[in-house]
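Worksheet: the structure to be examined is printed underneath.
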Amino acid sequence: MKKKWLVAISGIVLTFGLAACSKTVATTSGGKITESEYYSSMKKTSSGKQVLQQMILNKVLEKEYGSKVSDKKVNEQYNTYKKQYGSSFDSVLAQNDMTKSSFKQEIRSNLLLKEAVKDNTKITNKQLKAQWKEYEPKVTVAHILVSKKSTAEDIINKLKEDGSYANFKKLAKKYSTDSSTKNDGGKLAAFDNTDTSLDSTFKKAAFGLKQGSFTTEPVKTEYGYHVIYSIKNPGKGKMSDHTSELKSQIIDSKMSDSTTLQTVVSKVLKKGNVSIKDKDLQNILSSYLGSSSSSK
């Protein structure tokens, strides 16, 4: 399962003491390594510069938007990811060199940046109408996955005799090859049009079902043949009832647009009155500010 990490930060907090008697970071038979030596080495690396860039951005974002990002919001998103990955959550963090604490900080950084994008985005009615065409409400479905089309057709025929959800769950447990959902009657987590994990053909079929109905033809994807049952589908309704959701989806799409993020970050940093005191690092924000941030 691919993970789209929220913000390109390492999750490392670096604190350097530059006093004359610099603290020792490590000792070896060949001598000691001091914080100032470590700093001098790290600041020359791309990863070291990237960490400083992110630390500066986080400081500025916290001052401007910190009050808009509560611990509750951070924990809600954290728990969503934790639930998504289940028992593999800890190993996913480890594979990405992250701790639970640093991941929460990454989530917070992303939410702060999102607030900045909101603040610097004027959503037009034309954009809302365009997003409405793509919009689908959050639906909940169950599916039965099999390898042969004929098996899927046999299952559909059984459902035509008894199309209840109870019968569907029995059939899922008996026939489905999806081991992660079959014991729960094939039930999947709710999703809407912004979902990127499911096959587009599968989603189109699911969105087209009325609540309590099932697909009368097998739905083919790269995984095999699906029979889909709609557990919950509130219907699309009217655009005026979903303005808030549409705006949120537009902002989310801008969070994936590098040009938008470049523009927003540039505005935030310029407003933040950033001053780089180390002459060797004065150009690390030049791609955002257009010139070096010299010592003042």
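Glycine is treated like the rest: Cβ placed from N, Cα and C.
The signal peptide feature in Swiss-Prot is assigned to 1-20. Per Swiss-Prot, the feature N-palmitoyl cysteine maps to C21. According to Swiss-Prot, the S-diacylglycerol cysteine annotation covers C21, on the basis of sequence analysis. If you look up Swiss-Prot, you'll see 136-232 marked as domain 'PpiC', on the strength of sequence analysis.
Counting residue by residue with DSSP, the domain 'PpiC' (136-232) contains 35 helix, 23 strand, 39 coil.
For the domain 'PpiC' (136-232), the model's pLDDT averages out at 98.
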